[in-house]
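Participant: Shown below is the structure under consideration.
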Amino acid sequence: MKVLWAALLVTFLAGCQAKVEQVVETEPEPELRQQAEWQSGQRWELALGRFWDYLRWVQTLSEQVQEELLSSQVTQELTALMDETMKELKAYKSELEEQLTPVAEETRARLSKELQAAQARLGADMEDVRGRLVQYRGEVQAMLGQSTEELRARLASHLRKLRKRLLRDADDLQKRLAVYQAGAREGAERGVSAIRERLGPLVEQGRVRAATVGSVAGKPLQERAQAWGERLRARMEEMGSRTRDRLDEVKEQVAEVRAKLEEQAQQIRLQAEAFQARLKSWFEPLVEDMQRQWAGLVEKVQAAVGTSAAPVPSDNH
């Protein structure tokens with residue numbers, strides 16, 4: 001009987017231990033859980049997740065990492081990821097600040113100050129990571145081909161510490177942003193309440209006006225239709241009279257413009273004919289004179305040519 005109880009006890013304890021181990025194995029690490037939140041959160045969290053992934057790759061200190069650490073490739077990548085994270089964070093903070101408008105000025109200033117401090121700590125953490133990698137590159141280059149095993153070990157230790165601090169400050173920033181967002185939501189609800197209070201009297205006035213219109217609608221439909229028809233007929237007659245008057249005015253204006261244009265055209269025609277006659281009187285004497293001079297010149301040339309072509313008398317007899 002004791003052996004049976006002992007066997008049952010051992011089986012029970014083994015089962016409990018298996019359950020505990022299963023729970024421990026299924027529960028994600030804080031860093032992995034935080035990274036999962038970054039991958040499905042706001043845009044600044046996604047950018048921070050990319051920075052975090054790149055830092056994890058750098059921590060492997062593989063041969064490719066060590067080669068790129070000796071150049072400026074790693075620091076350039078980290079700088080780009082840092083700038084992207086801070087840019088998205090600033091944009092998200094500005095968006096929340098716009099939503100905090102209905103909140104009291106004192107509360108908004110306090111939340112903004114706390115959030116700005118948390119944002120500065122996160123930026124300083126990322127800057128420390130980049131600075132440590134720059135320092136490592138300088139130390140390796142100063143070794144001049146010697147063993148850098150100790151330098152790599154120290155770098156790995158520092159990166160682990162920096163990663164923990166970065167995780168802590170990022171978590172703190174997320175919490176403060178959650179408070180900031182809650183304040184913005186509360187301010188928005190207050191703003192909606194204020195709008196409802198302002199719109200309440202207007203809605204009541206609209207309801208009263210609708211009731212008045214409903215009472216008027218109780219009149220006989222034929223009577224109201226007749227009144228509307230008379231008003232419409234009078235309005236159409238008035239518009240027709242105005243249109244006819246306007247057409248008459250337009251016709252008169254068109255006739256007047258046409259007469260002026262014809263008169264101006266006649267004046268231009270007369271001026272052109274007079275100018276043509278004047279030009280003709282100017283140039284005809286000149287042309288005739290040039291013709292006379294040309295005729296005289298031709299005669300002189302012909303006479304000269306005839307004289308030179310006459311036969312010269314011979315002296316041989």
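Even glycines carry a Cβ here, placed using N, Cα and C.
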Participant: Of the ranges 37-47, 59-69, 158-168, which one does Swiss-Prot flag as region 'LDL and other lipoprotein receptors binding'?
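Facilitator: So the range that Swiss-Prot calls region 'LDL and other lipoprotein receptors binding' is 158-168.
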Participant: Using a Cβ cut-off of under 8 Å, list the residues of the same chain at least 6 residues beyond the repeat '4' (146-167) that approach it.
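Facilitator: Distant contacts of the repeat '4' (146-167): 30-31, 34, 52, 55, 58-59, 61, 66, 122, 125-126, 128-129, 132-133, 136, 139-140.
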Participant: Using a 10 Å cut-off on CB atoms, tell me which of the binding-site residues Lys164, Arg235 is the least crowded.
Facilitator: Arg235
Participant: Round to a whole number and give the Cα-to-Cα distance in Å for the pair Arg235 (heparin binding site) and Met143 (methionine sulfoxide).
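Facilitator: For Arg235 (heparin binding site) versus Met143 (methionine sulfoxide), the Cα atoms are 100 Å apart.
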Participant: Report, in whole Å, the straight Cα-to-Cα distance of Met143 (methionine sulfoxide) from Lys164 (heparin binding site).
Facilitator: 29
Participant: Quick one: DSSP breakdown of the repeat '2' (102-123) into helix, strand and coil?
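Facilitator: Computed counts for the repeat '2' (102-123) are 19 helix, 0 strand, 3 coil.
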Participant: So if I measure Cβ to Cβ from Leu162 (heparin binding site) and keep only same-chain residues at least 6 apart in sequence, which ones fall under 8 Å?
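Facilitator: Leu162 (heparin binding site) has long-range Cβ partners Asp125, Asp128, Val129, Arg132.
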